[in-house]
């Protein structure tokens, strides 16, 4: 197909060059015709213009790829592989979809997002682990997984080559690749090698990374890290090679750049005490760290980074002294940079003697100040005969100082790398390795120098290696597909490499010029021009420069400036300075400069780029060191690069190309205008057949182009026929064995044909649909019109008939109506005329009257109006006259005032004033005269008064004389009167005060009463309001309390589930460690054959955690022989330590779980009490008993803990003794261990006896309650508490006594320095002995009396029993003995006065009961044996004719024999549901019933759970015989055997399901027949008789529950292993609805095909597998609740795996795939309905997947759509919703992509959600399992044992 035909397509889109944006998209507005000189285009902004074609070439612009191909994971899937297409695809993925990774053939293109992304977590690593590279979206983990997989599959070393410019993210990509290896592989030892490998990154980044203008953490060197693996492909170590260290950064930094991070970290930590001696300050104080003027990086704390670096040093084994040595060297470099050199004269320089920085440098480096200052300013020149010391100028001295600093740093860098490699080395032999190369990509700047030349030279070598690798892959692909192999014309960069490294090449001429004494950069440039300018087309000379040259590299032309090439290539250092440093007293410095050969990297193949490398074979002699030292930098780099290429050539390479999107480090800004060398990665593929389709994919995609007759059974032939019709040029495609190969552009042409065909089909469908709709509408309208016409015509006919009838009737009516109307009209007119006349006449009279009245009123109005007018005129005139008068008077007053003012200022005025004053004086004078007259009259009167006064005075004198006589009496009464007056005055005052207070009080009280009345009224109203408010609040509080209780209940349930989950995860980890420990032990046993006797732990009735230790980890102390030699046991000890830690954590979790369960139960009780209105009450009696029991158990646990401590101390002590006597297996050790076991057994026996006594006490109390019920009512609750407390105290003291006996016995065998008896134990012993001595005499008296009574009673019973038959005698004696013992127990129970002797007495009674039970058992066995013999004898007797002899006996003889006493056989007892077995048959029982039992046969032929029933019946017999050892051994064997069979067949679902069912049934039996009332509610009376009677196996139930949890988790893992390969294929890839989705073009990274191929999994297979799981569990009798939990877990795994793959696969996020997923989910829901499992919660686990499928199908345009999505997707996190929207991919041109604005709207609406940031669901999560009690309705005595089980040795009892 000619390419021109693609331009004939209407509205074809092209890329045109642009000066600013490089490329712009445009659309043809006019069809192109061959021969046209211009194209008429329209840009995206709507502007149109004419694009002129080059008349010379007539090359058309690049075509755009169809939108359906834009955004693909692989660039090779694009039909057009040119620069604008590649850039556009990368931009769409990076900006629109937020995807930073893209495949480009075999290369992974990574764009730096400049922000942290949540795509590198452990969940993402697990998602990519084990996946094919094309099956998931591009990711660095996919490349790492491919390398890891190929290493394991092909047994070939791998390399990951990470390249890119500075700031592109190379270091981060390499770091994530190493993290992936460390996570998926783990380490081969307990040394955590993977942590060390990752810990090397902070060190290398600190000493080799720096801030640049392009990157805050730029690697200034290249490195190649080899990660070593063992044969099991686990990390065992690593090795690092370094290349091209940028030493010049140590002494110079450009603006806005920094030196290496380690210097700033050191300055930030200068305040630490250990760094005080380094004399450091801030980074701005040193010349080497302040040149860039940017000492701080935003978001980076150098102090914290220093701590990280030091921790990494420590983790890698570099001790503190070496670390401080490194820091001393670094600090000395900083101080060296501050050494100031001064001019001495024009050609010499000097350093002042008191230079502080040089002094510090010399002290830190341990060298002499004088020597260093001398050789910093001088150098030594040697000739053949003499040696000269030449002074250096200031510039030369500064350069020498900087060269020394760079050399020291390079040495230190190499030393650190060497020690890091030593720390990462392993003693285990390396089987293979994966190398990670982090090196510069191709670089070109405005000014390019020696560094860029070396970098680009390395990239040329890597590009050549890449071309060869791709060429090889292409050749292999073509040969595999059997396509004729033709040479592909591709760019080979060997000429460019020859230009650089060949003889007389650029580097060769550079080295030659460096050897010349007077060689300069200019002379070297001239040599280059003369040698290569005319001979090599890849070498050019700039037009305007004679000091530069241009090299045509594979990626671009680069202009290099020759200035500085020679100096950088020589990299000279003053030898005398090196000699001074070698003579240092500083050990580390001497080690650095001891041998120049050792300064290179440890592999001997690399070093810092500008250091002096020593690349030479290992057999190089030491004498050649000086020659090696003189190698130039270019030669060293060339040699190291050659070794690197040799390494890469023997490995399988994988390529990662990092791209920097912008120069400003902005997140998600893509300003990259060039393809950054990406096109070079696909040149070879693009030159051949870049597009490749399998026949199935091609058939599915382009089936629309075929006709039905063209479809043949063989798809390959069908595809061939179609292509031959569509593409006439056979060179455009090739048919391979399994694929079709297309040239570039052919896929776009096929997509055009497909789109045209679909468009035509759509138009045809639209035409047909529209025609059908229009015809349907027309027919509907026609039928409606006919129907309307019919009804209208009928209506019209009816109307006509009605009209005729109405017309006739109307004529008759009209006749009479007209007559009536006319007559009525006449009468109306007559009456109207009369009325009108009457009215008219009255109207005229009224009008006349009204006229007269108006005239009269008008006259009156005129009168008043005229008067009012005259008065108004008068008032106005009067007002005017008054106004005029006032104005005149005012004018006159003003004049008068003015005159008065003038006069007031004159003398006359004052005179007038004085005249007035004289008048006033005269008036006053007259008043004075009048006053004198009055005074005179008064004086006369006074004289008359004086005369009268004299007479009166005489009279008064006489009166005074009389009064003096009375004075005596007055004087006597004076005091009394005064006192009384004072008292009266006081009383008056008090009265007045009281009256005032009373008045005030009365007023206050009246006011207070008034206020109180007001307040009372107010309070009443408030009371009413408050009552109403309280009622409302009470209702609200009740509702709130209910909500709070519900919330607390839900929270407690969640916490309980979390604790269960943690506990069950801990159990699984415990099981894994046990299995690993068992494997190690088996390996040791296979390796060594030195047997040693072990011992078995026989602990009984321990706590749940100790039981787990005793029975769950019997592997550690089993009866099997284990080998112990001088072999290193560190691994075993570490595992034992981990097991102990896990057991401790398990105990903590169990305690926490119990507490939370109690809280949960209490919360539920509170809820019920709140709802029922019943207050919560607690029984003090129950609490008292519980406290006593807890004390008993705590004492027991304490003693066990002390026992474990003794064992541990014993083991520690034995390790310190001599190997011959104290090693495990020695005589002393065995003797001590035997005594320990005996003491342990005695402790357990005593404990069991106490527990049995407690159980018998309870049973006897119940019996006493029935017998003395009337008396029991008289006792109060306090008495009962005292009695129970006494019983508990007796049992407790008995246990303490037994424990004290054990302690005393055991202490005899423990050294005094190993164990000190605790004071609490000694105190308990003393108290027990004291009580025993006090009560001993009273107990003996009581026993003597009871023995006398017993003796009498036994004599009576003996006399009675002698009269019975022998068999009856035994049973009767046994019954009497039991009765007697019961009576003694009851009597002893009442003896509360003997608390000390009572436990001993009970032990004697117990021993007698056991003896009697053994006698009964022996008698039963003898009876059975005799019965069997009797049957045999009877049969033989019958055969020998015994019957005839019996008939010949006379009746008399029979009567006589009947009278004689004979042994009459008793009738056999009924089957009691027990199975008797012998001790030697226990192994057979376990073997036949557990180890060799086939689940499939048992599940079909017998009842479900039969093994559990049989084992429990055997356990009942052991309990019935009161044989604790038998119970213990049986339970231990059962648990260990189940674990063994599960370990052996753990991958078999039927086996795991079978034993999960039986373990749960056995656990239910232990509960159902335990005798606890809570478990006996559903039992029948017969089942209650089968309850256990002697032993409490509560703690064993916990052990079995833990075992069931482990089996459940193993069952889930087994199902996951079966379902995991099916889920993705069946739920996502397989087309359940055929034709819903087509396959888009894929690139070189072919995805696993999912289109109806044989061997692929479908949804039907998943459903069939689920049905098989369900039927198997039902067949095994698994509890229904447990089946629901299993199904819920299955559906969670299906939903999580499907959703995770959907989130990581862009090709699956489409509308059609959403339809497929919803259909698949509906099928799963239908399966749940068929199995009646809709209530198990499985459907809810699929909710995230359902919502993701709905999200793919809903509209995604408007704000309403965004609101609907936010409300719909509540089960999805924000990250998941945004990820699905970003990944949404149209499968056809008719679909639309999701806009960025819509995604931002979604993010804004979901910003307030509080949720986890994790993207993927945890597929390893297992819901916590519970085992609800499920009692069996099957009675044990009805169970029959089939003979197929080979259990004939079991005897029913």
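Cβ coordinates come from backbone N, Cα and C, glycine included.
Since this is a predicted model, take the numbers as computed values, not measurements.
In TrEMBL, the coiled coil annotation falls on 1323-1364 of the listed ranges 1281-1322, 1323-1364, 1365-1406, 1407-1448. When the ranges 914-941, 942-969, 970-997, 1474-1501 are checked against TrEMBL, the one recorded as coiled coil is 914-941. Between the listed ranges 569-597, 598-626, 685-713, TrEMBL ties the annotation region 'Disordered' to 598-626. Looking at 526-548, 641-663, 733-755, the range annotated in TrEMBL as region 'Actin-binding' turns out to be 641-663. There are 18 other Cβ atoms within 10 Å of the Cβ belonging to residue 166 (ATP binding site). Averaged across the domain 'Dilute' (1532-1808), pLDDT in this predicted model comes to 85. Taking the centre of the Cβ atoms of 164, 165, 166, 167, 168, 169, 170, 171 as the ATP site, the nearby residues of that chain (Cβ within 8 Å, site residues left out) are 112, 215, 218, 219, 441, 658, 660. Taking a C-beta cut-off of under 8 angstroms and a sequence separation of 6 or more, residue 169 (ATP binding site) has the following same-chain neighbours: 110, 112, 658, 660. Of all Cβ atoms in the shown protein chains, 25 besides its own fall within 10 Å of the Cβ of residue 168 (ATP binding site).
Residue counts for the domain 'Myosin N-terminal SH3-like' (9-61) under DSSP, helix first, then strand, then coil, are 0 helix, 24 strand, 29 coil. The binding-site residues 164, 167 differ in how many other CB atoms lie within 10 Å of their CB, and the one with the most is 164. Residues of the region 'Actin-binding' (641-663) grouped by DSSP class, helix first, strand second and coil last, total 9 helix, 8 strand, 6 coil. Non-local contacts of residue 171 (ATP binding site) by the CB criterion (under 8 A, 6+ apart in sequence, same chain) comprise 205, 209, 217, 219, 438.
Between the binding-site residues 165, 170, the minimum number of other C-beta atoms within 10 Å of a residue's C-beta occurs at 165.
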